[in-house]
Amino acid sequence: MSDYIDLKVVAQVLATGVLLGAGLPLVFAAGLKVLSVGTGQATTGADSADGFALTRNGAARVVGGLCLLVVVAAIVFGIYIITHKG
Amino acid sequence: MTATIILVLVVATALAFDFTNGFHDTGNAMATSIATGALRPKVAVALSAVLNLVGAFLSLAVAAAIAKDLIDQGTLTAAAGDKGLTLIFCGLVGGITWNLLTWLLGLPSSSSHALIGGIVGAVLAGVGTSGVLWTGVASKVVIPALMAPFIAGGVAALGTWLIFKVTGGVREGNRKEGFRWGQVASASLVSLAHGTNDAQKTMGVITLALVVSGSLAAGATTPDWVIFSCALAIALGTYLGGWRIIRTLGKGLVEIEPAQGMAAESSSAAVILASSHFGLSLSTTHVATGSILGTGVGKKGAQVRWGIAGRMVIAWILTLPAAGLVGAITYAVAAGIGGFAGTLVVFAIMVGLAGYMWVRSRRAPIGHDNVNDEWEGALEPAASVPAAV
């Protein structure tokens, strides 16, 4: 069977896929959420549940900006992988 | 002299395959951005073409050895001269024919599998079963094709579900604008990765043809003109658009909104890069299709058209045998007639088939202007107007 499927490689691809392919969109979405709270557009009810009610504009911007920065860094990392393989 | 002409025909056919590879796969990266309106159709294909061109020039350490785990490499190189060239040529004809047929039907299918199928078929006809490494066919082609949609689809479904969970309270306008950028960035990454992977395949085929014909020493590096012409062919193909496949992927499978587009392309980019890094031979097409399906599964209440997904899977299963059949038949024709005339006849058959399928496609053309029309159960929009290509 191992001639046909290398389960370790499949697991590696799946784990990387989940971490970067689903994780980064999550970070990006979280960044958008925080930024939109930072502009004071969201309702208080929804916010307090998420713990953002007391977040100030500035702090929200920093956190949101950091989230987006993580995503940009990951894309740069992706380009690095593309250019340095083989 | 005729040997030179045959080599020129093989190189031209390889570049034609590269071109079909380009437009067949534009949708893998750009279908979601086009469907959600994140990019205008013409802008999307232009961006993807440029990134494919750039990608083709990156990472050129070794041009990919074509089908090295599937074909006993000795049979291609040992069948020196005309026979080796004819095997490669008929393999390419099989790949091109299947690519064009699936494009006509608007079905995404793997260009690498089509090429592999064509060459395996030609080798079966020309050398026999001993030339084919069946374990390789199973482990590098069949099993990955079955796994890819589940891996990519699972990642995309999870990503989609998480995104909608987190951005629940965000205003629609902010959300759309934000995800629009995320979508374009992730789709660009898929295009770049595609250029590095797929252009190299044709470079490998042409290099092999040059070695087999004795024009290039075995083990030589890929000549510059091969790199340039392959990069250009795949970029031009990408720019042409392959609108029929883009339409199926963007409108046919699921109704996509920007957040899903970003989830799909992020999943595609991550799974494609991870699989090429860890050495799992997943097809870009299968991954991209699986991701788009996954975003439909991951969003509550989204409609997934499983009938269309089913047709795609059937096309994937048929890719290898169908392209192989064309490769085998054309090899039998070429070898039966023999020599230069045989190659010319096969070339004429290919041009004829390609012309026929193009004419068929013009009956209900799909272009950048109607690619996003409402999906009404069929590939061709009901109010189809003649479109500029």
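Cβ coordinates come from backbone N, Cα and C, glycine included.
TrEMBL does not curate its annotations; it predicts them automatically.
Lifted from TrEMBL, the feature list:
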TRANSMEM  B:43-66  transmembrane segment
TRANSMEM  B:87-106  transmembrane segment
TRANSMEM  B:112-134  transmembrane segment
TRANSMEM  B:141-164  transmembrane segment
TRANSMEM  B:225-246  transmembrane segment
TRANSMEM  B:313-334  transmembrane segment
TRANSMEM  B:340-359  transmembrane segment
Q) By a Cβ-Cβ criterion of under 8 Å, what residues six or more beyond either terminus of the transmembrane segment (B:141-164) are in contact with it? A) 70, 110, 113, 116, 179, 259-260, 262-264, 266-268, 270-271, 280-283, 286-295, 297-300, 313, 316-317, 320
Q | Stretch with greatest number of CB pairs under 8 Å, the transmembrane segment (B:340-359) reference, B:87-106, B:112-134, B:225-246 candidates | A | B:87-106
Q.
Below 8 angstroms Cβ to Cβ, which residues of this chain, lying six or more residues outside the transmembrane segment (B:87-106), approach it?
A. 6, 9-10, 13-14, 16-17, 20-21, 23-24, 75-76, 79, 114-115, 117-123, 125-127, 205, 208-209, 212, 242, 244-245, 247-248, 252, 315, 319, 322-328, 330-331, 334, 343, 346-347, 349-350, 353-354, 357-358, 360-361, 366, 379
